[in-house]
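The following features are taken from TrEMBL:
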DOMAIN    19-76  domain 'Release factor glutamine methyltransferase N-terminal'
DOMAIN    113-198  domain 'Methyltransferase small'
BINDING   121, 122, 123, 124, 125, 143, 186  S-adenosyl-L-methionine binding site
BINDING   186, 187, 188, 189  substrate binding site
Ligand code: GLN
């Protein structure tokens, strides 16, 4: 089979589930991965004949795409903040909104030295590792999932940074052992009632513990983290959160009631997605 024929097969099998631009992008990502070619080389080689092994890799990927599995889980990798990350079903696929949160933290802190940073609910480690790479900081990261931490540790190694990863249930913690200049978290914040508007690839494949909270206690992580931060944030320290856009006012009020001064920020899609809190 030739590359151009294979592409037609992909379009044919996926056209009911995805817009054509997305199919094109899946195909390119897979071709880069399985053929070791650049996007340009792929575009210039419609007549390329595929061997058995390559063909079976594409066919198994096609089956998984039909089940709406995210292409990043199929290739096992993604890009975040210009860095390469391994991803699997135990970790959320890093979102562009989270890159904006990381960028905010870096812009605020890039002139400072000897920072101590804590990332709570690190998942793939994308926030912790990007900050370790771009700031003069000692970084610690917690997650409740050992499987996620395993992936996060691989990502730190891949990106040649040291992050102290620890398995921990933040909700059971009474106090933090150390003090930090920056505490950051992108905790679970999606409510049951928001499920309907979620895409199948997220809902059916990404880790539920990383996404969902109880409808009637949706800010549980923000409350707990802000309480811990009340005593564990250093002088001039700051708390940075990724937040639920529909609960931005409630989240702001919550941290203000705990004595913080809050600043909300919109993401590229125009939604209030980030919050910074200082004492
Ligand atoms: N923004 C993510 C989504 O759309 C959710 C991230 C989170 O729960 N922390 O699925």
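Cβ coordinates come from backbone N, Cα and C, glycine included.
Projection of TrEMBL feature records onto the structure.
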residue: 121; record: S-adenosyl-L-methionine binding site; Cβ neighbours (10 Å): 24
residue: 122; record: S-adenosyl-L-methionine binding site; Cβ neighbours (10 Å): 30
residue: 123; record: S-adenosyl-L-methionine binding site; Cβ neighbours (10 Å): 27
residue: 124; record: S-adenosyl-L-methionine binding site; Cβ neighbours (10 Å): 25
residue: 125; record: S-adenosyl-L-methionine binding site; Cβ neighbours (10 Å): 31
residue: 143; record: S-adenosyl-L-methionine binding site; Cβ neighbours (10 Å): 29
residue: 186; record: S-adenosyl-L-methionine binding site; Cβ neighbours (10 Å): 27
residue: 187; record: substrate binding site; Cβ neighbours (10 Å): 20
residue: 188; record: substrate binding site; Cβ neighbours (10 Å): 19
residue: 189; record: substrate binding site; Cβ neighbours (10 Å): 23
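Checking the binding-site residues 124, 125, 143, 186, 188, 189 against ligand 1 with a 6 Å cutoff on the Cβ atom leaves 186, 188, 189, in sequence order. The DSSP secondary structure for residue 143 (S-adenosyl-L-methionine binding site) is strand.
The Cα of residue 121 (S-adenosyl-L-methionine binding site) lies closest to that of 187, out of the binding-site residues 187, 188, 189. Across the domain 'Release factor glutamine methyltransferase N-terminal' (19-76), the model assigns an average pLDDT of 95. It is 11 Å from the Cα atom of residue 123 (S-adenosyl-L-methionine binding site) to that of residue 188 (substrate binding site). Residue 125 (S-adenosyl-L-methionine binding site) sits 13 Å from residue 187 (substrate binding site), taking the C-alpha atoms as the reference points.
Across the fold, the C-alpha of residue 187 (substrate binding site) and the C-alpha of residue 122 (S-adenosyl-L-methionine binding site) stand 9 Å from each other. Taking CA atoms as the reference points, residue 122 (S-adenosyl-L-methionine binding site) and residue 189 (substrate binding site) are 14 Å apart. DSSP classifies residue 121 (S-adenosyl-L-methionine binding site) as coil under the three-state reduction.
Excluding 121, 122, 123, 124, 125, 143, 186 themselves, the residues of that chain whose CB lies within 8 A of the CB mean position for the S-adenosyl-L-methionine site are, in sequence, 91, 92, 119, 126, 127, 128, 141, 148, 152, 210. Rounded to a whole value, the Cα-Cα separation of residue 188 (substrate binding site) and residue 143 (S-adenosyl-L-methionine binding site) is 12 Å.
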